[in-house]
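Read the structure below first, then the notes.
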Amino acid sequence: MKVVVGPDPSLIYRPDMGTEAAKDKGSFRNYTSGPLLDRVFATYKLMHTHQTVDFVRKKHAQFGSFSCNKMTVMEAVDMLDSLVDESDPDVDFPNSFHAFQTAEGIRKAHPDKDWFHLVGLLHDLGKVLALWGEPQWAVVGDTFPVGCRPQASVVFCDSTFQENPDLWDPRYSSELGMYQPHCGLENVLMSWGHDEYLYQMMRFNKFSLPPEAFYMIRFHSFYPWHTGGDYRQLCSQRDLDMLPWVQEFNKFDLYTKCPDLPDVDKLRPYYQELIDKYCPGVLSW
Ligand SMILES: [Fe+2]
Ligand SMILES: [Fe+2]
């Protein structure tokens with residue numbers, strides 16, 4: 001089965017790319033004009049209209065029993081290859097290359113942390129949601145807390161939330177919304193997507209990875225926080241302690257359209273060992 005999914009908007013459009021990137025005409029200009037930007041905007045418009053407290057709770061209930069599929073981690077990595085963006089001329093290699101490229105980047109920089117290498121391989125596996133019919137705006141793109149007013153660094157913040165009913169609900173529309181100050185991000189309901197799904201899946205299947213690994217995966221698309229610097233009023237000390245890990249991971253996740261494709265077949269045995277160590281066997285998805 002081939003499922004067509006648009007490019008991950010979180011990797012296509014970065015409002016924080018700034019002047020350095022703007023100088024790079026070869027890449028930046030392509031992202032700021034024409035049909036690609038329209039599509040990215042359309043995805044965020046849908047996301048910011050329909051990701052509500054109610055919607056996210058329903059998705060937790062729908063996917064929280066992990067009865068969609070039984071498969072190993074490596075089978076999920078291979079499954080990502082059927083997620084193809086047929087409309088993006090830049091991405092003509094299988095999606096799983098991004099997983100291996102991210103993992104190998106981390107491995108080079110952190111040779112002693114094998115669990116971190118595995119995080120690179122795992123981090124986008126939640127995108128299998130798209131194979132089960134979930135729309136792109138509920139799978140990919142930047143995430144943000146629902147249940148409180150979106151902050152300035154959320155992409156297209158000023159032009160995409162007008163039709164979100166939560167913003168007209170006094171419980172959810174103040175700066176803190178339904179949260180207590182510094183309640184900790186673990187107590188915050190994030191917009192639904194591949195981050196939260198995979199985090200919950202890893203807990204359900206009892207992955208024996210360190211807390212940093214769970215944390216990086218859960219919040220890797222929370223750009224308004226880890227890059228934008230917003231939502232500090234919801235953070236606990238633990239979140240601030242974890243922030244450097246998320247930022248370190250982000251370096252390897254970004255700019256993945258690298259023409260040097262890794263020799264995946266050579267890499268498989270190493271990563272299979274890590275899978276056998278931290279998350280072996282057939283898992284519930
Ligand atoms: Fe991701
Ligand atoms: Fe990624």
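Residue numbers in this text run from 1 along the chain shown.
Quick reminder: no glycine exception, Cβ is built from N, Cα and C everywhere.
Bear in mind that TrEMBL entries carry predicted annotations, made automatically and left uncurated.
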TrEMBL Fe cation 1 site partner of HIS98, HIS123, ASP124, selected from ASP230, ASP239, ASP241, ASP253: ASP253
Which binding-site residues of ASP124, LYS127, ASP142, HIS220 contact ligand 2 in the sense of C-beta under 6 Å? ASP124
Could you tell me the C-alpha distance between ASP124 (Fe cation 1 binding site) and SER221 (substrate binding site) in angstrom, no decimals? 10
Integer Cα-Cα distance in angstrom, HIS123 (Fe cation 1 binding site) to HIS220 (Fe cation 2 binding site): 8
